[in-house]
Structure formats: structure tokens, C-alpha cells
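Report on the structure given below.
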């Protein structure tokens, strides 16, 4: 009797097990699991690995009840300023948070899920999607069967950052993301603290202004500011800021070395601009020294020595700038003397 009971029990367990294998998770179960994962993820971006790609994409028959937009990331490339992966990742999370906020109470909120795949432990997924370069974003629609044929963002779609990503999502999914909700630069608490500081310091500032005891009344501050503005203008700082140029890059032939100067006229590293700006500033300061200090020296010999020293340093600085320009552009600068001098 005991043997028969054990056999019946084992048979029952086997039937349940086979039934489970024959009936994988339904679409609603997968969608609910994605919603659960999204609720615990930062900005609603779900971290995927190789198993998740198989579970939620390749193992699910089409049409799926949801779309997935995936950002491909590589932590070891975050230091590459030209790729700007951390910035694009933040913008992608911003689009995700905006979409969830604006579609939280609607059925559309469960039709699209934002995900990210990191290359360290998911190289197989990169190969499945045929990811050859970063940044890369793929949209897996409900009818996508071949992952290599998923909708991908073009290079131009990244120019507008979060706004361009939102346009791509709306164009491909017909869902509404709405305007991007960027976090304020200053929180309400910080604004309150700043206002309190201004209110407290206003009487003190007014008193100092009336007495002429502020930094704006100190001629040395204006002198330093003028030198800074001059250096800022001649060193190409705005070029570096606008184009986000790095100070230096690693040598392609030897990764242990750094490159500060590039022999290319269309590209300039930050170190190049600062070097040229420093030389220009030296010449400008020497000119100010000669016209404001040397002329007041009473001894003629000291005047001449100071003038010769200033001219020598200025000549050296200008020569370095000309040499760098010749090296980058490949064009030589030749002096042309008046015909009467050639005698």
C-alpha cells in the first residue's frame, strides 16, 4: 500500500513538472515581470543580460505585447570623451523617466520598456544585435524576429540628446513621450538657502559698497581679470568648451603615452590651445611691462637690459607659435623684404 502511494505521488509530481514545461509563462506574466523590474530600477531602465534577452525577446512568440528599447553600454569606454557614453546614458534614463511619468496610469505605459545591456557580461547580446560601434540604441518592436533587423538610431538622432531619443521613440512606436522633464539645476532647498543668504548679506554689502571696500574697488582684481580674459580669448577656450575637446588623448601605438599636440589643422586639443594662449599672454604681459614699468626706470642701462630681455623672450614666444602653426598646417611662413632693401 505504501509503495502504491509513493508511485502515485511521484507520478503526480511528474505530471505537474511536464505541465509546467509545456506551459511557459504567458504574455501577461512576462509583462507583469517587466513592470516589476521597472519599478525597482533607477529611472525605470531595466538592466538586461543574455538570459533576459532570451527570456523576454527571443523565446517569446511574435507579436509580443510590448516593445523594448535598449541602450548598449560599455563601462570600460566611459573614459573616452569622444563617445560620451555616460552623457548619452543619462539622457536615455531621462527619456525613460519622462515616459513613465506621462504614461503611468495608462495602458500605453506597459507597451514600452526601457532597458540597457552592458558589454562586460553580455557580449553574446552585442553579437545578437550586431552592435559594432557605440553609442547604439535598438528598438525591438512586437513583430521583430531577427534582432539584427531591429530599428536602430542613426548618428544624427543622437545630436539632440534626450529630445532626439524621444522623437525616435515616438516615431517608431507611435507612443507619446511628451516633453522631456529635466531635473532643476537648483533644488527648492538650495533656492531657499540662497535667498536667505542674500537677505542677510544685503545690508552688509550695501555698507561696503558705499564705503568703497568691495573687491570691485580693488584695481588688482581688474588687472587679474583682464589678464584672464585675454588668456581665455587667445587660448581657444570657447572652441574647447563648445566642441568638448579633451586636453589630451592616448597614443594609439602606445597606450601608456599621451598625445598633447596633433599634426592636423582641423583639430586642436585643449593642451595646444593653452600652450599657445600662454605664449600670447607672456608677450602681452611683457608689452605691458615695457610700456608701464621700464619707461619709468631712471637708469638708461637698466632700461636697455630690460628692453633686450623683453624683446628676446617675445621673439622666442612668437617663433614657437609660428613653428607650431607650420607643423600643424604644413605651410611655411616666409619673410618678404622691400625691393629697395635687396639692393
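First residue shown is number 1, and so on along the chain.
The backbone N, Cα and C atoms fix where each Cβ goes, and this holds for glycine too.
With respect to the membrane, Swiss-Prot annotates residue 243 and residue 301 as residing on opposing sides. As annotated in Swiss-Prot, transmembrane segment covers the listed stretch 221-241 rather than the other ranges in 158-178, 221-241. Within the set 6, 108, Swiss-Prot records N-linked glycosylation site at 108. DSSP classifies residue 108 (N-linked glycosylation site) as helix under the three-state reduction. Non-local neighbours of the transmembrane segment (186-206) in the same chain are 214; each lies 6+ residues outside the stretch with a CB under 8 Å from one of its CB atoms. Confidence for the topological domain 'Lumenal' (242-273), expressed as mean pLDDT, is 75. Counting residue by residue with DSSP, the topological domain 'Cytoplasmic' (207-220) contains 10 helix, 0 strand, 4 coil.
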